[in-house]
């Protein structure tokens with residue numbers, strides 16, 4: 001059966017609008033700002049710690065504060081997205097975390113800075129569940145992987161291109177200016193998001209042809225009937241819903257996979273520069289250039305994964321094969337990171353790291369399974385649980401690797417990342433198993 005042809009049935013002769021692509025652009029910018037405000041503290045850390053007389057222990061707590069709160073609030077955030085809708089939740093969270101970012105420019109010491117970092121972690125928590133909810137609402141099944149790939153690539157765009165710009169601005173204008181600028185950008189964008197975004201059933205920009213296209217293609221469009229049973233069911237939190245999230249074998253399989261995928265990401269985000277400078281003895285400037293190569297590779301991997309997966313769906317390939325194949329191949333490619341343990345040449349090290357992070361990018365479309373496997377009225381909650389397991393790696397991996405490399409040897413740490421990637425691939429093969437979309 002050709003799914004793409006089925007999606008084109010029952011459409012009016014009116015040419016469909018393409019409002020969904022405007023929505024995708026909005027999400028993309030949201031994610032870029034999100035990662036910009038996560039990483040600006042590391043850019044400012046050197047000068048800020050001196051000005052505020054912060055010890056390395058205190059800075060370690062500042063760095064970790066975001067991850068603890070962010071992970072802990074993923075499940076509540078998913079519930080909020082289901083109950084209050086992405087438009088309001090996204091706008092409020094974006095505005096408040098950006099305000100907290102701005103206020104970091106006037107902190108007087110450790111306590112106030114720690115409090116603001118906790119606030120940022122708290123209010124950034126709804127971002128990924130809300131983004132997935134929006135993509136599930138606006139994109140038919142045969143386009144959804146590409147949509148998720150595009151907005152997921154924003155994190156690598158932010159790390160590869162925005163972070164170097166922040167370094168230049170901080171060097172020229174100081175760390176306080178950095179927080180003022182990034183905070184104001186986020187506050188302004190929160191207003192733009194709230195003004196422009198609407199759910200498909202409430203948008204005045206979308207025409208009937210596009211609405212029919214995305215609805216018949218499997219988009220999860222809510223509020224077409226304000227009195228429907230789904231709307232009533234989701235107004236109250238049920239512990240049975242949460243229990244189901246942890247008892248469904250397929251969901252558990254994608255949780256395991258997400259932890260392993262995120263583990264690779266957090267290795268590159270936290271320990272990779274240290275690995276290059278202290279273990280491979282690259283200069284600071286050269287390490288900065290080398291660090292950007294895997295991010296660019298991951299960016300390419302995300303886009304390839306999404307478009308290939310959707311192309312397979314359009315050709316009539318089964319849902320399981322089309323969605324799981326890029327992820328499994330990506331995780332297996334990530335295991336090649338172990339090859340870096342057996343070479344000394346910088347180009348070869350970069351090659352293995354780039355292949356591994358390209359594979360990590362290929363595997364990043366895992367969010368597609370949240371909308372496929374979770375009940376449609378609980379996509380936000382499922383997304384919260386899913387992202388919570390991934391966010392746990394932001395706490396566990398930096399600490400575990402720190403312990404492993406305390407003796408100055410990165411070889412076991414690199415092997416750990418490769419082994420985790422293999423576990424993730426096996427999880428998708430044997431635990432997730434056959435994919436069937438929930439109704």
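Heads up, the Cβ atoms here are built off N, Cα and C, so glycines get one too.
Source: prediction; values computed, not measured.
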Annotated stretch (transmembrane segment, per TrEMBL) among the listed ranges 37-56, 57-76: 57-76
Correct range for transmembrane segment (source TrEMBL, candidates 230-248, 325-343): 325-343
Predicted model, mean pLDDT over the domain 'Major facilitator superfamily (MFS) profile' (23-436): 88
Cβ contacts under 8 Å made by the transmembrane segment (292-313) with residues that lie 6+ beyond its boundaries: 3-4, 141-150, 152-153, 156-157, 159-160, 164, 268, 272, 319, 321-323, 325-327, 330, 350, 353-365, 368
Long-range environment of the transmembrane segment (19-36) - Cβ separation under 8 angstroms, sequence gap at least 6: 90, 94, 98, 124, 127, 131, 134-135, 138-139, 143, 147, 150-155, 157-159, 162-163, 166, 182, 185-186, 189, 192-193, 196-197, 203, 205-206, 210, 214
Close approaches to the transmembrane segment (252-272) from elsewhere in its chain (Cβ under 8 angstroms; 6 or more beyond its ends): 159, 246, 291, 294-295, 327, 331, 334, 337, 353, 356-357, 360, 363-364, 366, 369-370, 373, 385-387, 389-394, 396-398, 401-402, 405, 413, 417, 420-421, 423-424, 427-428, 430-433
